[in-house]
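A.B. asks: Here it is, the structure in full.
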Amino acid sequence: MSDLDLSQYGITPDTTLRNADPARLYEEAIHYDPTAAIAHSGALTIRSGEKTGRSPADKRIVRHPNSEDDIWWGPINMEIDDHTFEINKERAQDYLNTRQRIYVMDGFAGWDPAHRLKVRIICSRPYHALFMHNMLIRPSQEELASFGEPDFVIYNAGEFPANRQTKHMSSKTSVDLSFENQEMVILGTEYAGEMKKGVFTVMHYLMPKKDVLSMHCSANEGDEGDVSLFFGLSGTGKTTLSADPNRKLIGDDEHCWSDDGVFNIEGGCYAKAVGLSEEEEPEIYNAIRYGTVLENMVYDEDTRAVDYDDTSITQNTRASYPLDYIDRAKIPGMGGHPDNIIFLTYDAFGVMPPVSKLTPEQAMYHFISGYTAKVAGTEVGVDEPQATFSACFGAAFLVWPPDKYAEMLAEKIRAHDAEAWLVNTGITGGPYGVGHRVPLEHTRAMIDAIHDGSLLDAPKKTEPVFGLDVPTECPNVPNDILMPRETWDDPQAYDEKAEHLVGLFHDHFEKYEDEAAPAIAEAGPQLQAA
């Protein structure tokens, strides 16, 4: 740990702690943060304040002549002018100057030295520094000594609100990025995930410029060196399924695919912790120990034991820990070209097969669609699922238009003969309220069969509604759950629900039809007689 002169950033605190050790950050948090406590496991528990999740409606990107033609402008990437960005940056600097103690975390984004980014975090909460200590790739003492000027700087003044009267502001929260300045400013939210996703957004912009595909996915590697990618929206099982005791974890959330293979962007994991148990997710459960940050969790005031089932603060409880806290993590987080690409969906309608083989065209269709479905809510009378479509299984983080990422993925699939699969971790045996979630042990068995090649060789039957090739048998999985229509007591009700979902797919894909090749559009679901 060393002090750092921050005057070049307009910040001159009494004390600056640079790359402080977790033990020191624990002390700082306990001493200066009234929400901090040490859990029974040794992890640091903390509250993020009013915001317990990301604020996508408050994200802004500076519109600049050098980059404006690259960016997918719209509700995902809303513009801010450079002058307003500078106003917000000065507001953040002014706030940070009122703090006696400032924490700096320098680290890398990207395990491949040829593509990594030097990142500097400037913040006023010890927990934010510890969080990014976990999430960035931690430099060695030699690397820290020669770190030099960063490629990207985050000013985290999340305890201080934005001025709602400032141009382009929609609330007291503002998360602003300038690709030209290589800076990010956070105001009005203390949710640590904003920093993580800010780094990802920058990588999502810079990497495609180098012909490197950036992806919202997890990745793992078998003992023979075979690599699998797992794409999926929140709650589909991306983190759970990639933390496989029989495979090495490359990473759980953000990766890039270059001409040399895949590499993890991060040095840690940010796992959802609601309902966490040692029986279901032992790798994640056992990673929660000294050095881990537990965000917005309820614990017993006497024993300090965490209740993972208590969501009274938020459903979005999280654990942040270094990658090497996973027993079979691969360090450095790099692997070869993927052999299997697995798209995960949580289909709450109960109509999609639990596993199916995709053609390259179907892979592109489902990548652009990025479908999952969740229950609408807990209000009385609300019992229908809501479909969610998120391009590239991570539209919230895309910078370029989705078709750019899809075309890059298609090129890499063709160049490296990767197999593509669609795995439904959602409902089977009937509609929501009647059916049940596909048991995790069955989903794991399907993933195992993909990895050992038995599912590729298994006999398959084309499912008529979605046009997917469905295996008729899979080791350690009951055959009668593989065809979804056959699991419903009322086949006609299945047909009606499936037709409804097909219509939602079609409605969503219309916005991409002009850019997508006809073969990709035709690879989508088509209703036929059952």
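Any Cβ shown, glycine's included, is placed from N, Cα and C.
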A.B. asks: Of the candidates LYS197, LYS209, LYS210, which does Swiss-Prot annotate as part of the Mn(2+) site that also includes HIS216, ASP253?
C.D. replies: LYS197
A.B. asks: What three-state class does DSSP give VAL438 (ATP binding site)?
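C.D. replies: DSSP call for VAL438 (ATP binding site): coil, neither helix nor strand.
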A.B. asks: If the Mn(2+) site is taken as the center of the Cβ atoms of LYS197, HIS216, ASP253, which further residues of that chain fall within 8 Å of it by their Cβ?
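C.D. replies: Neighbours within 8 Å of the Cβ centroid, excluding LYS197, HIS216, ASP253: LYS196, PHE200, GLU254, GLY394, PHE397.
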A.B. asks: Using all protein chains in view, find how many other C-beta atoms are within 10 Å of the C-beta of ARG54 (substrate binding site).
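C.D. replies: The answer is 18 other Cβ atoms.
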A.B. asks: Tell me which of the binding-site residues SER234, THR236, LYS238 ends up closest to ARG318 (substrate binding site) in space, Cα to Cα.
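C.D. replies: Going through SER234, THR236, LYS238 one by one, the closest to ARG318 (substrate binding site) is SER234.
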A.B. asks: SER234, THR236, THR240: which of these binding-site residues has the sparsest Cβ neighbourhood within 10 Å?
C.D. replies: SER234
